[in-house]
Amino acid sequence: MEEKSKDHWALLNPGEENELEVFGYRTQNLRRALCLVTSILTCGFLLLVFYWKPQWRVWANCIPCPLQEADTVLLKTTDKFQRYMRKKVVCLYLSTLKFPISKNPEEPLVADRHSVINQAVLKPELKLQCVQVQKIRYVWNYSEKKFQKVGLLEDSNSCHDIYHTFGLGLTSEEQEVRRLVCGPNAIEVGIQPIWKLLIKQVLNPFYVFQAFTLTLWLSQGYIEYSVAIIILSVISIVLSVYDLRQQSVKLHNLVEDHNKVQVTVMVKGKGLQVLESRLLVPGDTIILPGKFSLPCDAILIDGSCVVNEGMLTGESIPVTKTPLPHSENTMAWKSHSSEDYRKHVLFCGTEVIQVKPSGQGPVRAVVLQTGYNTAKGDLVRSILYPRPLNFKLYNDAFKFIVFLACLGAVGFLYALGVYMYHGVSPRDTTTMALLILTVTVPPVLPAALTTGIVYAQKRLKKKKIFCISQQRINMCGQINLVCFDKTGTLTEDGLDLWGVVPTADNCFQEVHSFASGKDLPWGPLCAAMASCHSLILLNGTIQGDPLDLKMFEGTAWIMEDCSADYCKFGMLDSNTVIKPGPKASWSPVEAIAILRQFPFSSSLQRMSVVAQLAGEDHFHVYVKGAPEMLAKFCKSETVPKDFPQKLRSYTIQGFRVIALAHKALKIEKLSEVQNLAREKVESELTFLGLLIMENRLKKETKPVLKELSEAHIRMVMITGDNLQTAITVAKNSEMIPRGSQVILVEANEPEDFVPASVTWQLIENQENGLGRNETYLNIGNSSVPDGTRGSCYHFAMSGKSYQVIFQHFNSLLPKILVNGTIFARMSPAQKSSLVEEFQKLNYYVAMCGDGANDCGALKMAHAGISLSEQEASVASHFTSKMANIECVPQLIREGRAALVSSFGVFKYLTMYGLIQFIGTSLLYWQLQLFGNYQYLMQDVAITLMVCLTMSSTHAYPKLAPYRPAGQLLSPPLLLSVFLNTCFTCIVQVCAFLYVKQQPWYCEVYRYSKCFLDSQSNFSTNVSLERNGTGNATLIPGSILSFESTTLWPITTINCIMVAFIFSKGKPFRKPIYTNYMFSFLLMSALGLTVFILFSDFQAIYHGMQLIPTLTSWRVSILVAVLTQFCVAFFVEDVILQNRKLWLWIKKECGFSSKSQYRNWQKKLAEDSTWPPTHRTDYSGDGENGFINPGYEDPEQIPRAKSELGGQTPEEHFWTRL
């Protein structure tokens, strides 16, 4: 264990996902020399152990010391996996630069007062200590005594700092200092040499054990089997190396062009310079030309631009970026813009497709982050260093292998005792003892366990579902909760215009229906629809958000680039001009110029534009957004009094409702427009009306949700849309079944002397004249009827309420989540947080979304499914080319089939090892063992072929209403292995003892003369040749015996038998006979074994090292194994696989689920006061008064550091040996 002394220990990236503990060590020459000598004496085995356990290498070679003095650091992850890394501390010297550096400690090296560089360089030595961890460079901060990340601008910079410190560029000297300290702006992924990949594969602990096993077998003459395993291992290693090499090449090609971009940089005092992008440093000011691929993350400071962020989000919709606001306050620039700081940031790897200069010069941006610190670098790092998979199967598998190895150790001691007792030479004793040690752990294990996943992946690919994380397929078999985005996932991506409801004189007017074919009349509402959007004109085609596109098309106006024709309107400063199209209604305005845009923000829930009408000197503001949000910014006298009722009347019918507003600006100069603050623009508005859009359910949605519901898989909707609309869509899709109660949870932040509160309101269904299910709030004293308690009620809440509950009512959150179904107006950060909270309750969560605002949630989920046309999206584990949710049950089906296959193969290989172990142990009793070809028949012809085809059985077409077992160490599986071991042990021991009682039996290995004389008693045609000395020319006595002849067919048929028993079909896989290759191989193996058993051919007996026996004895052997098969099949199928029986046993024995959500469901079902329906709770009232101390920012909800309840750290088990 590491001691966390103040100087020796520090925290790297505190609070972030990649948080690490770092410990300082100094290498000691004496320790190093001792380790070198030990490595030589152990023939390099110690180096191998150090390769597997880097912390042992550090502890053996080094002594603890303060981090400031360390030459080696040991890093440990703070997650549940506790992985270690060893890194060398490197010293950089600024004296190597070509210009003099001031050694005065009071004089800063760089102009940025916030920069860590000023605190990281030790003067007068001009030395800097750094360490590189997972491609990110950290430098030692001598002032704060900790390692800090470099390659980025500090977050503490304010908007004022960014403009005044970096706005005119850096000096060439500061650029050189930053290049040395931060390193190149390059995302370099080298193509790994084949020899290096090969060594990494070969040094895997399992392959090392396999090499030891094969060396032993070859020394004993087991040539054929050893060669077969060597060939299999070589094929497996070559395929793995080829796959890794291909991935390395693909990733290299993906990022190669990133490092070769030419950029124009402003250098203070020298003007513009053209540089290679790898020379960029944080703080550089770059000029954005037209089309441009961004080589770094940058903050836009002048002009605006349109970018394609498809590489990050998987959604190729143009996004408008606006410059960082000029602000004199000292608030950090990110905090100044809260969650919307992204609208000012240009991310590395995205494409600039259009720039719009402000008129004060070219479009400029300040480099924010370089290299692997960028958004693209972060994605590449997530591929290079994936998070370990947290799945109980792999941890259980590791424990099982440890158990088998321990059993092998018992066999090793048993063999030592037997052979030493009989006085066998020490060399032969050791060899035979080591042989039985290798029997229990089958060498085919890694290949066999991955075949099920490979088959499932191929089947998914045929269904146009692509996977970038193979091991997630098994995890899909445990999914019991699926979160769906709404728009584009459950409902059609495109919206249809239904109508507009204009306002006049503080009242709603008659609805204008677009289905009527009438043109939308000119007015402020028409102008708002024509101009308030983020559409762009690219190569003559209008592109942008589908909602904006539908709204714009509804006006019948057209978009044009600004040209000299509009000089008379004073519109040369605008790149986009809107004018009436041929089919538009008459308009007194010839054109509208969009001068400035405030992009849509998911936290603000609105967007706005500043526009100028042709022929006018003043400017207009048009705003659109969520109705309930926009109404707050409108003059109260312009909002109709029946606004809430009118809004509800449309949202309860499932319509998407957008509000529009307007105001005239009292400024006349264009230069003032560019300096306007968003808060000033979006205030004192005049309410114009409502835009009603129809968002239809996809035809596949309802059947899929019904299938998931029948399979008892929970469904949750997480959307950014209106809460009432989300509830209606949930009811129409039957995500909320008919007759279920919906309880609205509304929470409010504390105000003045009023603490935070949460109100519960029951929503009731009523039938209206339109024939739709309408939803009304019932504020009376209704409650959920006693007879309908349990899972028949559903909570619905908004992102704002979720935020408040997370902060002020954290202990209440699990109670809500176990029955929470609708989460509306959720920001991307809240979606990720919600998925994590579900995981804490031990749900296995799948998230299905369109890949845009859902990126964080898709990555956070156990299985993220992106509906995208791209073959593989870096935003999610799975990408479906089908633009509907049919992929979800298909993925769960394949996951269940793959999981059951993995269990079946593992059980089979365990039994195969135990069957051979028992048979070999019995023969060892009389210093014998099975023959080479006998092992070869079992290992290659049966086990190898069976394992490679056993998992190819297709998934059952119907989802069962329960999941397969999620852990190997479960009573049914352990009992299955234990009982089958008992059955085979009984049969083998009885056969071993009973054969000795036969009148024709003799100890062949001792009395060959007796054996030859007794041959006259056999009714066989086998003739044995004699040599000159009168001895039979047969196999050496250590193999040939009646015992091995009896035990071999029993063990062989046992292997075939358990393969059949463990290949259960329904309910998770199709019946075994549908797997034609597997069925054929089983029948062929059984037929061949029976043929060898009953054949009377000398060549077969000689080759298989068997002795002819009486036909009656052979029949007895066959009857014994068939009896064993019947008993084993009955026990497995009727008892161990009987779910109802196990549920009854659990109930009678009082066993309860360890899952958090199960326990909460049980508690709440017994609580007569739950669910609340007509009350308000306040923070500080009893148990609900918990204030979450980890809460900091309402939009950036912190990742909880507590372990997910009931889950344990898992990895690939064979990498943990």
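From the backbone N, Cα and C atoms, a Cβ is placed for every residue, glycine too.
As written in TrEMBL, here are the features:
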- 16-141: domain 'P5B-type ATPase N-terminal' (DOMAIN)
- 168-212: domain 'Cation-transporting P-type ATPase N-terminal' (DOMAIN)
- 260-383: domain 'P-type ATPase A' (DOMAIN)
- 1168-1217: region 'Disordered' (REGION)
- 30-52: transmembrane segment (TRANSMEM)
- 225-244: transmembrane segment (TRANSMEM)
- 397-421: transmembrane segment (TRANSMEM)
- 433-456: transmembrane segment (TRANSMEM)
- 905-927: transmembrane segment (TRANSMEM)
- 973-995: transmembrane segment (TRANSMEM)
- 1075-1095: transmembrane segment (TRANSMEM)
- 1115-1136: transmembrane segment (TRANSMEM)
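Same-chain residues lying 6+ beyond the ends of the transmembrane segment (973-995) with a Cβ under 8 Å from its Cβ atoms: 903, 907, 910-911, 914-915, 918-919, 922, 965, 1001, 1042-1043, 1046-1047, 1050-1051, 1054, 1058, 1061-1062, 1113, 1117, 1120-1121, 1124, 1127-1128, 1131-1132, 1136. Below 8 A, the CB atoms of the transmembrane segment (905-927) and the transmembrane segment (397-421) form 3+ pairs separated by six or more positions in the chain.
With a threshold of 8 Å between CB atoms, the same-chain residues lying at least 6 positions outside the transmembrane segment (433-456) that come near it are 206, 209-210, 212-214, 216-217, 220, 229, 232-233, 236, 397, 401, 404-405, 407-409, 411-416, 419, 470-471, 473-474, 894-895, 897-898, 901-902, 905-906, 909, 912-914, 916-917, 920-921, 924, 929, 939, 943-944, 947-948, 950-952, 955, 1214. Mapped onto DSSP classes, the domain 'P-type ATPase A' (260-383) shows 32 helix, 49 strand, 43 coil.
The DSSP breakdown of the domain 'P5B-type ATPase N-terminal' (16-141) into helical (H, G, I), extended (E, B) and coil residues amounts to 39 helix, 40 strand, 47 coil. On the 0 to 100 pLDDT scale, the domain 'Cation-transporting P-type ATPase N-terminal' (168-212) averages 82 in the predicted structure. Helix, strand and coil counts from DSSP across the domain 'Cation-transporting P-type ATPase N-terminal' (168-212) read 28 helix, 1 strand, 16 coil.
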